[in-house]
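Peer 1: Handing you this structure, nothing more for now.
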Amino acid sequence: MSWANDSSPKGFILLGFSDKPWLQMPLFVVLLISYTFTIFGNVSIMIVCILDPKLHTPMYFFLTNLSILDLCYTTSTVPHMLANICRNKKTISYGGCVAQLIIFLALGATECLLLAVMSFDRFVAICRPLHYIVIMNRWLCLRMAAFSWFTGFSNSVLQSSLTLNMPRCGHREVDHFFCEVPALLKLSCADTKPIEAELFFFSVLILLIPVTLILISYGFIAQAVLKIKSSEGRRKAFGTCGSHMVVVSLFFGTGIYMYLQPPSSTSKDWGKMVSLFYGIITPMLNPLIYSLRNKDMKEAFKRVIQ
C-alpha cells in the first residue's frame, strides 16, 4: 500500500502545539516577526550584492545564493503555519504536504552543500591568496553553485520517495507544524527501521561529509591566519570566517540532531522546537550575522543607500 493511494483524497492534520492553546498567539507573533525579518534581511543582501560592483566576487555570489535559498526555505513552510494557527482546522492537502516535504528537504540539503562551498572559497582566499582569482573563476563558481542545487533536489526526491511510500493505515495526524521526514515516518504502521537506515545513509552524505570538509577547511584557515603578522589582517580574516562558522554551527548542529537519530528517540516537543530553529530562526539570523560582522557588507549598504 502506498501513501499516494491511501492519503491523497484526505490530506493530513498538522497538530503542531494544538495541545497547548496558550502557545498559539506567542508562536504566531514569533513566526510573523521572524518571517518579516527573514524577507527584509535576505532581500536586502540580494539587492546590495547585485547593485554594488565591489561585491561582485565569489564570496558574495555564494552569499546571494544563500539568501535566495533561505528566502525560499522559510516561504515553503511559514505562510501555511501562520494560516493554520489562525484557524481551528489545521490541515494540509496531500499534494501540499508532498510539495512542502520535497522543497523543504531540497533547500535544507542545498544549504548544507552551499555552506561547504563557501568554506572552500574562504580556504582558497586565505590559504592561496595569490591564486584566488585563477582558482575561483566564474565558471567554477557557477558549477559549484549548480552542483549544490542539483544535489540538494536529487537527495530530496530520493528521501521523499522513501518516506511517502511507507504505509500509514489511515493515520492522518502529523505531530508537527509542517510535513517533515521524522514526523511523517511516525505515521507508518509498518516497520520503519529499513527505511530509517537508508535515510540515515543519505543524511550522513548531506550532513556529515559537508561539515567534515568545513572543519578541515577551517583547520587550514586557522593555521594560515595565525601566521599573518598584521593584527588588522588577522582581525579581518577571523571576522569574515567567524560569521560563516556561526552560521555553520547553528544550521548543522540542529540539523544533525534531527536527522542523525531515529525519529522514535526524539522528544516530540523538543523536535518541533529544533525544527523551528533551523527552519525559521537560522534563515532570519543569517543576514544579521553576515551584515553586522562584515565590514565590506556594511560599507556596501551605505553606498547603495546613498
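Any Cβ shown, glycine's included, is placed from N, Cα and C.
Feature table excerpt (TrEMBL):
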TRANSMEM  27-51  transmembrane segment
DOMAIN    41-290  domain 'G-protein coupled receptors family 1 profile'
TRANSMEM  58-78  transmembrane segment
TRANSMEM  98-120  transmembrane segment
TRANSMEM  140-158  transmembrane segment
TRANSMEM  200-226  transmembrane segment
TRANSMEM  238-260  transmembrane segment
TRANSMEM  272-292  transmembrane segment
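I'm curious about the neighbourhood of these features; can you describe it?
Peer 2: The list of residues near the transmembrane segment (27-51) in space but at least 6 beyond its ends in sequence, with Cβ under 8 angstroms from a Cβ of it, reads 16-17, 60-61, 63-64, 67-68, 70-71, 74, 78-79, 81-82, 85-86, 280-281, 283-284, 286-288, 290-291, 297, 300-301, 304.
Same-chain residues lying 6+ beyond the ends of the transmembrane segment (140-158) with a Cβ under 8 Å from its Cβ atoms: 58, 61-62, 65, 101-103, 105-114, 117, 120, 202, 205-206.
Here the transmembrane segment (238-260) has long-range neighbours at 59, 108, 111-112, 115, 118-119, 122, 126, 181-182, 199-200, 203-204, 207-208, 210-211, 214, 218, 221, 225, 266, 271, 274-275, 277-278, 281-282, 285-286, 289-290, 293-295, meaning same-chain residues at least 6 beyond its ends whose C-beta is under 8 angstroms from one of its own.
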Peer 1: Taking the domain 'G-protein coupled receptors family 1 profile' (41-290) alone, what is its mean pLDDT?
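Peer 2: Average per-residue pLDDT within the domain 'G-protein coupled receptors family 1 profile' (41-290): 86.
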Peer 1: List, by number or range, the same-chain residues at least 6 past the transmembrane segment (98-120) whose CB is under 8 A from its CB atoms?
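Peer 2: Result: 59, 62-63, 65-66, 69-70, 72-73, 76-77, 80, 92, 144-145, 147-149, 151-153, 155-157, 159-160, 163-164, 178-181, 184, 206-207, 210-211, 213-214, 217-218, 244, 247-248, 251-252, 255, 278-279.
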